[in-house]
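Please read the structure below before turning to the comments.
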């Protein structure tokens, strides 16, 4: 599931810690909701809801109607702004890879939304029905029931679900930490490579400079004729 680029939701910011919209974004969303509410009932019926999600996401008709039924928990055939707000936060959390953080921060309302029959328990089919929204795949679902179904009845109560969200968000933070460490290691590697390249460039420049310098030539020594001995020169002059 993806939010379509350029749609209204694409421009909203979801806080990464609390997974909520800012006051300004919430006000913009309320204005947008009022525009969608053509009947001025402060609600959206299934037709308006379908066209909204079809416009801003790539969800299928079947997935959109499942989502509507999940939000319309009292079977009134309409969803209010509070339910609409929750849906938008779910979509943005999915788009911004904050699913684990969102489940942890809003575990109670999410549990209540998934608990369609109101028996305060979630079976595997409840998660599978809305896997496109919360990205809980078969492997993760199997782990959920193996590790957190303490009663062994193949159902998860709220306390067990809460523990699962804590475990999931811890794993998420570990992955984030590992990814940041990888990025830092890449940066350090790049810096080392740059330092080696600079050192190599300096050595090459020094070698070129050494070759380009002219060799110092020693001046040729001029040889003077040998001087005649004084004694012989004196005798010759007397003759």
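Backbone N, Cα and C define each Cβ position, glycine as well.
Residues or ranges marked as compositional bias 'Basic and acidic residues' by TrEMBL: 177-207. The compositional bias 'Basic residues' annotation in TrEMBL covers 208-217. Marked as compositional bias 'Low complexity' by TrEMBL: 229-239. According to TrEMBL, the domain 'EF-hand' annotation covers 59-94, 136-171. Under the heading region 'Disordered', TrEMBL lists 177-239.
Across all of the domain 'EF-hand' (136-171), the predicted model scores a mean pLDDT of 87. With DSSP classes pooled into helix, strand and coil, the tally for the domain 'EF-hand' (136-171) is 25 helix, 1 strand, 10 coil.
In the domain 'EF-hand' (59-94), helix, strand and coil residues by DSSP number 25 helix, 3 strand, 8 coil.
The helix, strand and coil residue counts that DSSP assigns across the compositional bias 'Basic and acidic residues' (177-207) are 31 helix, 0 strand, 0 coil.
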